[in-house]
């Protein structure tokens, strides 16, 4: 049988006529695409994937040892379960070719009709490639939020909540901002790589989750009356090294997270990578400088916090602001997040991993700074946008800051209140109460859920090494020294209350 002649596609058919873009048996569907663009985004997709387990390593290092591995498990869950969900209906909810301003449909479910047609994000790449890239965003965002369960949230309800959250928060906000029919997109909001759906949404949802769970128990709490639950307890990371390794991999992956968001390989892509690096540098140096001012010591915890804050701040701005503002964006975001951490006790919420301060407050600040420093010439570096952007205050487009504020407030409000509703409903379902029992919390979630953990000594206190958490080390609180034996370990693990923390600062 003679081979069929393969002809290159020269013009894409209407999506309603042929959503696949053509017949791969008789047509070369690769012909219209630049191989450099395809290679760039595919490599960025692969590099972005490791951000999710890297967040698991970061959180595991920041936890007490007795609950650290549960965070690694959560990172694998987010990578797998969110990936299946994304394939079944998630991608379709925010990238379907619909005309309503609120939400997509299921026309792209299980990646049906997702193949060679140009993507909505950029006609330079096929739909299937952008779909692969988008998966890494939702899994990383879910993992950022997962840290809010912090040593006292039950594992199975948290998994259900994360899947519900991505459905009713992430995909809806992503449609609003990234789909050409979304109302925030048409309003003119600038959000280059996902401050709203990623950072603001996860940060404010983490605040809601922390509030609904309540503060952690300490070993000295009265198990029957819970008298010591009124204030959050503070502990030091059990593995600063693991925390730093996680941060480094997040920084590494964020080059691809932001750089791939141009959806083509261009000077703008390179510019975005430079901006991302400078913002992380500015954030890290600023935070560690503030640490030195307050306590005359450097802090690995503070350095990691500053780097993350810088990456968060530049996420919406990387493809819009000139390179000489990038480090300033990172520094200003780090300053805002630093003081949000320092005075978080005023909220009375046990957000021990500072997700709200770093991602919620930091993402909000990043959106506003984008409105200030955006330059209309930077998007044009992709070779496609031209003069379609008006810039921000830097170009005397004073309206843009108001749009950025409106978008940030919308994402914050939607994510916070929808998260509260979801958590309330899940908590009322028999068998799905969100808070772990006092015994399992004190013993450790690893002991409850993982067969890999084998405690050789007292499971309640033998491996906890309880001290101060990430934020409070940055604020200059000194951990108590560890003793020997069960009784002294329990005494050493006594938490530092907010009042004692204030006294130490004074």
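Heads up, residue numbers simply count up from 1 along the chain you see.
Positions of Cβ are set from backbone N, Cα and C atoms, glycine also.
Annotated compositional bias 'Polar residues' per TrEMBL: 483-494, in sequence order.
Here TrEMBL flags 40-451 as domain 'Ammonium transporter AmtB-like'.
Nonlocal intrachain contacts for the region 'Disordered' (1-21), taken as residues 6+ away from its ends with a CB within less than 8 angstroms of a stretch CB, comprise 27-29, 31-32, 97, 113-118, 126. Look at TrEMBL and you will find 1-21 (among others) tagged as region 'Disordered'.
Residues or ranges marked as region 'Disordered' in TrEMBL: 480-506 (among others).
Under the heading transmembrane segment, TrEMBL lists 40-60 (among others).
Feature annotation from TrEMBL assigns transmembrane segment to 67-88 (among others). With a threshold of 8 Å between CB atoms, the same-chain residues lying at least 6 positions outside the transmembrane segment (67-88) that come near it are 49, 52-53, 55-57, 59-61, 109-111, 134-135, 138-140, 142-143, 146-147, 149-151, 155, 158-159, 162-163, 166-167, 238-239, 242, 444-446, 449-450, 452-453.
Per TrEMBL, the feature transmembrane segment maps to 128-148 (among others). Tertiary neighbourhood of the transmembrane segment (128-148): same-chain residues 38, 41-42, 44-45, 48-49, 51-52, 55-56, 59, 71, 74-75, 78-79, 82-83, 86-87, 90-91, 95, 111, 114-116, 119-122, 158, 162, 165-166, 170-171, 174, 194, 197-199, 201-203, 205-207, 209-210, 213, 257, 260, 263, 351, 353, 355, 359, selected by CB-CB distance under 8 Å and a gap of 6+ residues from either end.
Residues or ranges marked as transmembrane segment by TrEMBL: 160-178 (among others).
What TrEMBL records for 198-218 (among others) is transmembrane segment.
Residues or ranges marked as transmembrane segment in TrEMBL: 239-257 (among others). A Cβ distance under 8 Å defines the sequence-distant neighbours of the transmembrane segment (239-257), meaning residues of its chain 6+ beyond its ends; these are 43-51, 53-62, 65, 68, 136-137, 140, 193, 273, 276-277, 280, 300-301, 303-304, 307-308, 311, 315, 470.
Annotation source TrEMBL lists transmembrane segment at 269-288 (among others).
Within the chain, the transmembrane segment (300-318) has long-range Cβ neighbours (under 8 A, six or more residues past its boundaries) at 58, 190-196, 198-199, 237, 240, 243-244, 247, 250-251, 254, 257-258, 261, 272, 275-276, 278-288, 290-291, 325-326, 329-334, 336-338, 341, 354, 358-359, 362-363, 365-367, 369-370, 373-374, 470-471, 473-474. Summarising the annotation, TrEMBL assigns transmembrane segment to 300-318 (among others).
Beyond the ends of the transmembrane segment (324-341), by six or more residues, the same chain brings 274-276, 278-287, 290, 305-306, 309-314, 317-318, 354, 356-358, 361-362, 365-366, 369, 373, 394, 471, 474-475 to within a C-beta distance below 8 angstroms of the stretch. The transmembrane segment feature in TrEMBL is assigned to 324-341 (among others).
Residues annotated as transmembrane segment in TrEMBL: 353-374 (among others).
If you look at the transmembrane segment (403-426), the same-chain residues 6 or more away from its ends with a CB under 8 A from one of its CBs are 157, 160-161, 164-165, 168-169, 172-173, 176-177, 184, 187-191, 195-197, 200-202, 204-205, 207-209, 211-212, 360, 363-364, 367-368, 370-371, 392, 432, 434. The transmembrane segment annotation in TrEMBL covers 403-426 (among others).
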Maximum Cβ pairs under 8 Å to the transmembrane segment (353-374) - stretch from the list 40-60, 198-218, 269-288: 198-218
Any contact, the transmembrane segment (160-178) to the transmembrane segment (40-60), with at least 3 Cβ pairs under 8 A: no
Could you please provide the mean pLDDT value for the domain 'Ammonium transporter AmtB-like' (40-451)? 94
Which numbers of helix, strand and coil residues does DSSP report for the region 'Disordered' (1-21)? 0 helix, 2 strand, 19 coil
